[in-house]
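Read through the structure below, which is laid out as structure tokens, and then see the notes.
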Amino acid sequence: MQSVLTAEEMREADYESVIKLRVTERQLMELAGKEACNILLEKFADADGKLAGKRFLIVSGKGNNGGDGIVLARHLINAGATVDLIHLCEESQLKPDGAATLKTLKQYLIHTDKIRVFEADEFFPEVVLKTRYDFAVDAVLGTGYRSAKQPKSLTQTGVEPPQKFEAEPRPALSEVIKNAVLFINAKKKEGAYVVALDMPTGTDGTSGAVPDVAVEADLTITLAFLKTGLFLGEGRRHAGEIALADISIPDFLAKPSACKLTDENFVRRILPERAAGSAKHQNGKVLIVAGSQGAAQSMMGAAIMSVRAALASGAGYVCAAVPESAFNLMHQAAPEAILISQDMTQIAEKIEWADAVAVGCGLGRSPEQMNFAAKLLSLPALQKKKTIIDADALFAIAELSLLDSLQLSDAILTPHVKELERLIRISAQEIESERLFYVKEFAKRYAFGLLLKGSPTLIAANEKLFLCNSGTAALATAGTGDVLSGLIVSFAAQGLSTADAAAAAAYIHGLAGSFAGKSVNRISATDVINSLVPVFNYLENPA
Ligand SMILES: NC(=O)C1=CN([C@@H]2O[C@H](COP(=O)(O)OP(=O)(O)OC[C@H]3O[C@@H](n4cnc5c(N)ncnc54)[C@H](OP(=O)(O)O)[C@@H]3O)[C@@H](O)[C@H]2O)[C@@H](O)CC1
Ligand SMILES: [K+]
């Protein structure tokens, strides 16, 4: 699985490679420029394997990101391209490695007219303004970009109102950097293909936040490791396509606690397999407490979706605790499921029996229904059980301020951002701007884990951290969350840890959404369930 590092973790890995492996920053910079050129050659080389006739603009800053761009200039010329390099500060202000590499590049000026070097700050040379480029390379800022904002830590939930957590204003980018960003984006409008080195300038390497302006890249060539800021917030949109350049910083230098990107191989490796001839009870016993039905409203659809997803994903036994009045409906919708009523004694017994429990889909939000959820969550049998808590159970936890008193050691809460806002009393906007931060804080503070739905979905549980990038915007539709709960509880019952079950479920859920989305633009939860069989077939029999 690929590690996805925050800017700070990346700086640590850089530092470690210099200290522990005795490589120099200059060597890394040389590799960065060379590998970036190789990636461009792979994508754009002509029949002779060259970039002959291609016109590049490279804008470089005064830090090491700028140095990478200056090295790239050399290799592009070697590959037959023509390059205009603008460095945004006086040569004397460049960091030593960048200055050294600029000296080497300037030697090229003696031998070839394929390179022009300009020094500029706010005003770019006329000739550059007038030139049309095939490519514009952003080597202005990388992981060294600092924004002043510090997200707040979680304080006592239920005590402080959300406005206490309002973000402090961020400082703007310096005028020089801002101008450079706008200039690169203007060149894109003129038709240049924009390549960002490491990060699109103006995008926070950790959170993906864009407090001011940022480069809108078509391709981001990120160095050594993926960065969380390329997947989160505005970073996702600004990064364009992402390519990873191997600059020989080994995996063992990434912090073990760093985020991991869920991918097909991970899911294939951990997906529970049914042993031939195994009995039903050996394949995971699931209890789903879901659904409500009254004279005015029925929320049985949520229970049906969740139960169907658990059945479709290989659970041996699925028991659903639903209102007795809905037994017939449930039998018709999911004949394989065993049904019990929503009687607390009966449920407590079934919790003992089950390998994993899901609570919350369609339970209802009336005071009685919230009390039912609260009582359920306080059952001693649930304390050590793998438990997935979703939807109306989350609502009850928030409304009754139960978060700090929950005694659940192997549970995972699966809110979307609005539900998390209610739970931790921090505005959805603030959470959105620092999703990773709040997920990590939550996991630090509570014994149970968190899956924060969205694009991407983030999961922190059992000391693990996952980023799940599969899926499609079309998944933001009623009932898909119930499908996700059903998948998680099914995988957890089949033996996966809650963290792995959540990560695998999120990935498969996203993939099923994409499969369903291939045929219809707007997909329903039923489409997602119907796509599970093709998804499992695809995962089990890779082409
Ligand atoms: N380290 C390594 O081993 C390797 C690193 N590598 C590469 O180096 C990159 C990291 O290099 P880095 O640390 O020099 O930072 P970088 O992104 O160039 O930016 C520094 C500049 O940003 C400026 N600046 C910051 N915030 C700002 C703001 N809000 N508004 C305006 N300006 C702001 C800051 O200005 P200052 O504060 O100094 O005035 C400084 O000039 C990394 O992404 C990768 O590309 C590779 O070569 C592989 C080996
Ligand atoms: K950059």
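Going from the start of the chain as shown, residues are counted 1 onward.
In case you wondered, yes, glycine gets a Cβ from its N, Cα and C as well.
No curator has checked TrEMBL annotations; they are predicted automatically.
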Among ASP134, ASP138, ASP263 - the residue TrEMBL places in the same K(+) site as ASN65, THR201: ASP138
Site-mate of LYS453, GLY454, SER455, PRO456, THR457 for AMP in TrEMBL, selected among GLY481, GLY486: GLY481
Local Cβ density at ASN65 (K(+) binding site) - other Cβ atoms counted within 10 Å: 27
Closest of LYS453, GLY454, PRO456, THR457, GLY481 to ASP68 ((6S)-NADPHX binding site), Cα positions, binding-site residues only: PRO456
Integer average pLDDT (0 to 100) for the domain 'YjeF C-terminal' (263-539): 92
Largest inter-residue Cα distance among ASN64, ASN65, GLY66, GLY67, ASP68, ASP198, ALA302, GLY362, HIS416, ASP482 [record-listed (6S)-NADPHX binders, Å]: 56
Cα within 10 Å of HIS416 ((6S)-NADPHX binding site) - qualifying binding-site residues among ASN65, THR457, GLY481: THR457, GLY481
